[in-house]
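As given in Swiss-Prot:
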type	residues	note
ACT_SITE	K159	active site, charge relay system
ACT_SITE	E247	active site, proton acceptor
ACT_SITE	C281	active site, nucleophile
ACT_SITE	E459	active site, charge relay system
BINDING	T23, D90	K(+) 1 binding site
BINDING	G147, A148, W149, K173, P174, S175, E176, E226, S227, G228, T229, G249, C281, E382	NAD(+) binding site
BINDING	L241, K452, G455	K(+) 2 binding site
MOD_RES	C281	cysteine sulfenic acid (-SOH)
Amino acid sequence: MEVTAHYIGGKPFVGDTGESFATLNPATGEVLAHIEQADERVLGHAIESAKLGFSVWSSMSAAERSRCLLKAAQLIRDHNDELAELEVRDTGKPIQEASVVDIATGADVIEYFAGLVNGLGGEQQSLGSNQFFYTRREPLGICAGIGAWNYPIQIAMWKAAPALAAGNAMIFKPSEETPLSALKLAELFTQAGVPDGVFNVVQGDYRVGQMLTAHPEIDKVSFTGESGTGKKVMADSAATLKPVTMELGGKSPLIIFDDADLDDAVSAAMVANFYTQGEVCTHGTRVYVQRAMYDAFVEQLKERTEKLIVGDPMNMETQIGSLISKSHLEKVLGAISSAKESGATLLTGGFQVTERGLEKGCFVAPTVFVDCRDEMPHVQNEIFGPVMSVLVFDDEDEVIARANNTQYGLAAGVFTQNLSKAHRVIHQLQAGICWINTWGNSPAEMPVGGYKLSGIGRENGQETLLHYTQTKSVFVELGAFDSPYA
């Protein structure tokens, strides 16, 4: 099988490094491609290419950059089905998700920042009749994007959009588990007229990430992944004082009060745990249900969860796809075993699905544990699989304290018909992304990011553009220079 490699300088690039790895379809075990592992020489070539691209791109007007990005977004939409199928084969997620969410929401963000950048300007202030100052928002230079495997192309677009809109170049490293869609994205950027070298893709494992974060000519790092790796990224970046944006792990609370709409609450809990087979950092895996609603909630949850369709991700009827890898499958099954050992009651699921031709994949039945306690390991630790923990609570103050008793702070949600209560509770929850009577919505206009160990900085929304620029202050003297020396 031919070795697929990198995308540097507006075209595919093979570095002849002598090392490669296989990327698999996790649903079937099929080898999709062999990918070249980048080395220092490949990264050096990418940086030189990015320098050239940056010199051209940053000198273009905001309107010119905007036109290129809008064209890229349209090309991405035109290739939606192709990109979605590629994403499904590489991730194992259902095609019904990828075809309507992953590609479209990435294109949304590119369009959003393409429109926003035209208004990116500085300020001017007079300091008297002969003096004034003004400021400029200037690009940082070369930004590194390090992606995750659960939403490969969406994450690539979420990182590239503000970086490129602000005039930067980017070197993007996809996860070695899902390396394919970023190459197609790079190709579409080139077709849209983005200058060569502005968006480059280098492939490889953690070693490539370490080279990027430590490199003195990388001016910023944006990372999506788990919190432990995020600490290492930040430490490596600190050596050259480069700014970082990090969207990390979570163990988010979903709080359901007894006046909530039962059907909506169950629907949200299912989406907040089983969408993308549970491999979403913002999932609400700690579901707190007020005692008066608990029994009815659990009864409906069991009935509806057992109707979910686990199957071939390429089948439009499939609702639960394959986990990303055999090693991750073992981790999730281990967490399920731990939950049983800790005394939680298995309501439904809890096993690997192997019938109907799924034996070669990494499928886990949607799993719900009840009678959970806050101190149980599966309640405290991020599992990143289709495993829900349901906990009962009695009053508002109690559930707020319990919901906040975690090292994470990525997301939180509240379901209640009392909007005063909803806002009162949300304002006390220690989380960066919050929802009221819904779960998971993430429009391009809304900044997203975490508190505590769930991240630093934000993605999307107006403030994100500021993370990809730096302020230059210019003081102007119109009169004679007033020297203190004779």
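Note: Cβ is positioned from N, Cα and C throughout, glycine not excepted.
All features noted in Swiss-Prot, drawn onto the structure.
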residue	record	Cβ contacts under 8 Å, 6 or more apart
T23	K(+) 1 binding site	V31, L32, A33, H34, I35, D90, E176, E177, T178, P179, L180
K159	active site, charge relay system	C143, G145, G147, M170, F172, S222, T224, E459
T229	NAD(+) binding site	Y206, F223
L241	K(+) 2 binding site	none
C281	active site, nucleophile	A148, N150, T224, E247, L248, G249, G250, E382, F384, L410, S454
K452	K(+) 2 binding site	T406, Q407, Y408, G409, Q430
G455	K(+) 2 binding site	G230, T245, M246, E247, L248, L410, G432, G449
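There are 28 other Cβ atoms within 10 Å of the Cβ belonging to E247 (active site, proton acceptor). The binding-site residues D90, E176 differ in how many other CB atoms lie within 10 Å of their CB, and the one with the most is D90. Around P174 (NAD(+) binding site), a 10 Å sphere centred on its CB holds 29 further CB atoms from the protein chains shown. Of all residue pairs in the NAD(+)-binding list (G147, A148, W149, K173, P174, S175, E176, E226, S227, G228, T229, G249, C281, E382), the one with the greatest Cα separation is 24 Å apart. Annotation note: T23 (K(+) 1 binding site) sits in a strand segment as assigned by DSSP. The secondary structure of E459 (active site, charge relay system), as reduced to three states from DSSP, is extended strand. The Cβ of E459 (active site, charge relay system) has 25 other Cβ atoms within 10 Å, all protein chains considered.
Counting every protein chain shown, the Cβ of S227 (NAD(+) binding site) has 20 other Cβ atoms within 10 Å. Taking all protein chains in view, 22 other C-beta atoms sit within 10 angstroms of the C-beta of W149 (NAD(+) binding site). Under the DSSP three-state reduction, D90 (K(+) 1 binding site) is assigned to helix.
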